[in-house]
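Enquirer: Here you go, one structure.
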Amino acid sequence: MNSTPTLSLGPATTDRSARLRAALARRTEWRGLALLAVVVVATLSFEPLVFTAYPVTLGRVALIGLVALGLTAVILMGELDLSVASTLAVAGVVMASIPNVALGIVVALCAGLLIGLVNAFFVVKVGINSFIATLGMLFVLRGLAFVLSGEKPVRMADIEAGIAFGAPIIGPITPRVLIFVLVFIGLQIFVTKVRAGREFYAVGGNRQAARDAGIPVSRRLVTGFMLSGFVAALAGVINTMERTAADPTAGSTVLLASIAAAIIGGVALTGGRGSIVGTLVGALSLGIIEVGLTLSGVQVDVQQIFIGGVLLLAVITDPASFRAVVGNARSFLSGRRGETPA
Amino acid sequence: MTADQTTPEAPGPVVIEAESIVKRFGGATAVDDVSIAVRSGEIHGLVGENGAGKSTLMRILAGILTPDQGEVRVDGRPLTGGTRAALDAGIALVHQELSLVPELTTAENIMLGAFPTRLGFTNARQLRGVAATALREIGVSVDLDERVGRLSVALRQFVEIARAVARKPRVLILDEPTATLTPAETDYLLTMLQRLAEGGLAIIYISHRIPEIFRICDRVTVLRDGQLIGTTPIRATTPAALVDQMVGREYKLDLQIRRESTPGEVVLAARGVRAHRVHGVDLDVRAGEIVGLGGLVGAGRTELVRAMIGADIRTAGRVTVTAHGRTRSISSYQSAVRNGVAYVPEERRTDGLALTMSVAENIALPNRRRLATGGVLRRSRVSAFAQRLADSVGLRPPDIRKDAGDYSGGNQQKIVIAKWLGRNPKVIVLDEPTRGVDVGAKAEIHRLIRELADQGTAVLVVSSDLPELLELSDVIHVIRDGRIAGTLSGPEADERSVMSLAAGGGMVGKA
Ligand SMILES: Nc1ncnc2c1ncn2[C@@H]1O[C@H](COP(=O)(O)OP(=O)(O)OP(=O)(O)O)[C@@H](O)[C@H]1O
Ligand SMILES: [Mg+2]
């Protein structure tokens, strides 16, 4: 036949709309977006105040979301960092204990990096499962925050700086929201465009393949845990600045909320699947729900029931499991029909 | 054919050389004092039974494992420093198991670990460019932006080969690359390898399919139980001699006489089955009958059997299992299993095996009911049962206390087969039952399948291995584009008739 040997294995999609459709089908954020749409519509009709008072909502989203963004980097590699909330508390206390604000911030952020390094040490060098290693760190760091603070809130020396920090800078945008947006952009670029970040997906998706391909898996894990620690410390710094005091109990609800945000946004706990955008979408949904419920006067305990429900709903409606659910239901029904004598 | 087109006596200089390699896992010695040298422009075959140490030796060459003794040299220089150093020295390994990242795109997988960057940022255009060139070089067209998890198994195999080729290697190692390919694709791959070798590449080629070895290799090395049996020029040996060397005894390649089958009533019946890539199939399998499904990879055979037994969603159609005069419809995989259907999936390593559990536990898993008294597993009964099955599929070494994950690729397949064979199912569906299994064990598995049929089990086999399909099946349905393109039985079924139906009546394979 012809001279250039080629092998065709199924049609290559050439036409543009099919290509676009395929590209869209590849995204992992759909279920998060769908949920967000539902949440937005529901809140618009029941509690439009959420959007009128958007600075509050944005602040809440930034609170949940910031830690979740850093955590996503770790989850993408198929690991978990349960120490983020405690890191947040330690960083806050460390910062508030240092009279000079600038120095305090630097030391607190370095503490975050150091904590990430320690986590990575246990996971990479010692070989402990990250769930267990960071669970240990969760307790150690929380205890440390109490010891350092003498078990009570530490007031910042320079309260002026704190008050100035909390004020909006551009329109309603507070520094917290701005930092959140910057971290989002930075991480988004990191995992989509930067080589090391891209390789996070390989580390999480098929670690053996990553190793075999010569990817320095250990170094990537160290980077991931340090990122997560750094971002958590950053959240701690922001908290302290805004409140002009550091509370050793700070961030106790942050851990679960941030894991939930990532999962709602389509990030798989098994690693290798998900995106930073997804986590943003998840954080937006959660933030809006929380603020909406608070404004409607729903008790905090009841809010938790609600958020838990949303999380479960999000997981059930995951495209993969959703197909299975529908399929089971359908074959169940057709099976019933089939068993009636013909 | 013209196997001697290239002058096998005059290949280039030795590129890679391993000397006196020893590798132990715990107490067992997987590779025992093996030396091998491969020249530029040579295709060097590596054969041996399951567990002979082929993959282990190749992992050592590729820097993934460090040998306990011995040395690997590239161009005379010792190679140390793991995967990275081996890659930099130009050694590319295509693994026996697929080694891709499902969530990354085709292009990213091809360039995995070697993303072109500018200031740390991946250069997307260059990345796609190099990937496209590699694909063009092997002559396969794949959507560069498709997630690899959505590609067919055959395409993934070619993506892996493209990845190796993209590295511009000097040594290309392929560990059973044709196990998942159809004859036409295999033929294509072999031609491509010959072309690459002519360009000066040194190639090490592992396969259990002896004809492939004779078609493309210049020399062949035989391993048995981790030991080097010898390296011979291909012209100085014969298939029979090679197999003898592999198994270490005289092995009779006895031609199987077609089984005397007296099929009973219809046990498994499918009517109008539609599903993803399946467009309306009617199919009957009778008690004691072996029905084969032939066709090209991607024709929808796996999809068909999965939809039939409820493992995947059916969009239309009805499937029933009849036993003891009662007809039950299959609505889900659970109901299939409940009604006596056993299924050996294609992706055995991921779907069929608990790698961190022992062989005995794996085999006992689907047979718990009959091995338990009052809900408690009886250890002695479990080990006796597992040992018998492990022996009958020829597990090597036959140690049922070892973890399944510690066995070689082919042996893991035997474990999965063993665990389902133990069930005495009414219906057994096997998807590529002997992929990656060595010659001896293959005959053994065929014998077991026949025995099951003789005992009255309805057997449905999907196989891309034509001789196997022809040898086993009483009836062959050839699937094309999700439909039955034709049905063959008895003397009318041969390689030509199956392939021409599979390819749509047109010409297929090589000229
Ligand atoms: N990680 C491991 N731990 C323990 N034993 C191992 C490990 N990897 C391989 N082995 C053992 O080493 C021996 C050689 O295995 P290897 O995978 O090299 O065989 P192979 O020749 O590639 O076989 P196959 O044809 O089945 O792929 C086997 O007995 C196997 O059980
Ligand atoms: Mg092997």
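From the backbone N, Cα and C atoms, a Cβ is placed for every residue, glycine too.
What you are looking at is a predicted structure, and each value in this text was computed from that prediction instead of being measured.
If you look up TrEMBL, you'll see A:33-54, A:61-78, A:98-124, A:131-149, A:169-191, A:221-238, A:250-269, A:276-298, A:304-326 marked as transmembrane segment.
Quick one: how deep are these features, and who are their neighbours?
Expert: Beyond the transmembrane segment (A:61-78), the same-chain residues lying 6 or more positions past its ends with a Cβ under 8 Å from any Cβ of the stretch are 84-85, 88, 130, 176-177, 179-180, 183-184, 187, 190-191, 197, 200-201, 203-205, 207, 220-221, 224-225, 227-232, 234-235, 238-239, 251, 254-255, 257-259, 261-262, 267-274, 276, 278-280, 282-284, 286-288, 290.
Counting same-chain residues at least six beyond the ends of the transmembrane segment (A:98-124), those with a Cβ under 8 angstroms from any Cβ of the stretch are 79, 81, 83, 87, 90-92, 130, 133-134, 136-137, 141, 156-158, 161, 218, 221-222, 224-234, 236-237.
Cβ atoms under 8 Å from those of the transmembrane segment (A:131-149) belong to residues 80-83, 85-87, 89-90, 92-94, 96-97, 115, 118-119, 122-123, 246-248, 255 of the same chain, restricted to positions at least 6 beyond its ends.
Among residues of the same chain six or more beyond the transmembrane segment (A:169-191), those with a C-beta under 8 A of the stretch's C-beta atoms are 54-55, 58-59, 61-63, 65-66, 69-70, 72-73, 76, 197-198, 200-201, 227, 231, 234, 238, 241-242, 275-277, 280.
Within the same chain, residues 63, 66-67, 69-71, 73-74, 76-77, 79, 81, 83-85, 87-92, 95, 105, 108-109, 111-117, 119-120, 123-124, 175-176, 179, 183, 187, 196, 200, 203, 246, 250-251, 254 sit at least 6 positions outside the transmembrane segment (A:221-238) and bring their C-beta atoms closer than 8 Å to a C-beta of that stretch.
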Enquirer: So what's near the transmembrane segment (A:33-54) in sequence-distant terms, Cβ-Cβ under 8 Å and 6+ beyond its ends?
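Expert: Residues 172, 264, 281, 284-285, 288-289, 291-292, 295-296, 310, 313-314, 317.
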